[in-house]
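Features as listed in TrEMBL:
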SIGNAL    1-23  signal peptide
DOMAIN    46-160  domain 'DOMON'
DOMAIN    167-367  domain 'Cytochrome b561'
BINDING   207, 243, 276, 312  heme b binding site
TRANSMEM  208-226  transmembrane segment
TRANSMEM  238-259  transmembrane segment
TRANSMEM  279-296  transmembrane segment
TRANSMEM  308-328  transmembrane segment
TRANSMEM  343-366  transmembrane segment
């Protein structure tokens, strides 16, 4: 029986060791100046916490927002959005170090992701302050909401990497940043994460997959078929139909991917990936010209066939280069697991290796034909062009 206390002590020690994560919650936060709050929630992203007390009679909300900035000289923000669920349109409290190194809290009416300008906000700020210690920033504020009787609001929180000349710089656009929003029930003490973040991520993944398959894989394969498979007499006219099927299918899938990109852009006002967007528009335009080329294709012996070949090949190779560049730009935006980037790099390398091998084989075949049948017209030769065009589709 003397061993019982020892056994109990060991069990308690084991429990304390097994569940250390309980300390990393909002419940473990304590504040100076006798600040007390009715509720606290662990927010679902950006490793942040919110404490608050709400007085419905006076429509007063006292809060403490705690988060780790993206970098020590960065910023943290908590906001209410009276009209929507995202950061654009929100009325924000942003805390950062001023030029003297002291913590400050400023208010911003965020209408876009352009450089911010301090301004009045939708609610009245009775008092505000901020602290920075242990790598963590804290915002303390008491605000008066203009809509009395409304106990559920949309709130948004964010962290940023830096401040330039007293102006918070743009935050990152990783999933954790984009999902940092939700609904706050100030009376029930509940903060519910927004569900549209996951839906948006799904749309971005669909957009990426469609465009990677169409522009980044099928278009290069279609070009390889047209340039190399046609060299073999036994592949005629099968190579032509394979080329058409591959490119038209790629265009259809690419249009779907382009459409999802436009939809994402319309739902993300203020978020711009200018280079990726501009290349996407150029790809869609050039690929549409290629589709028209199918209907404008003159016969092999037509006098304009030589110029059509220049037009068709020039646009085709331009689409090929821009497609691969834009896929990599898209991967950098989506930031998937490294294995997906590696898989695409390997696939492009394999296609490039196949193209180099077929290039060598094709020229061997063409040169042998030329030496054996130098007087025989081939694909428009002696038709006013003055040269052979063995590789033109």
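Every residue, even glycine, has its Cβ placed from backbone N, Cα and C.
Remember, TrEMBL labels are computer predictions, not curated facts.
Structure coloured by features recorded in TrEMBL.
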residue	record	CB count, 10 Å
207	heme b binding site	23
243	heme b binding site	20
276	heme b binding site	18
312	heme b binding site	20
Composition by DSSP (helix, strand, coil) of residues within the domain 'DOMON' (46-160): 0 helix, 63 strand, 52 coil
Max pairwise CA distance, angstrom, over record-listed heme b binders 207, 243, 276, 312: 27
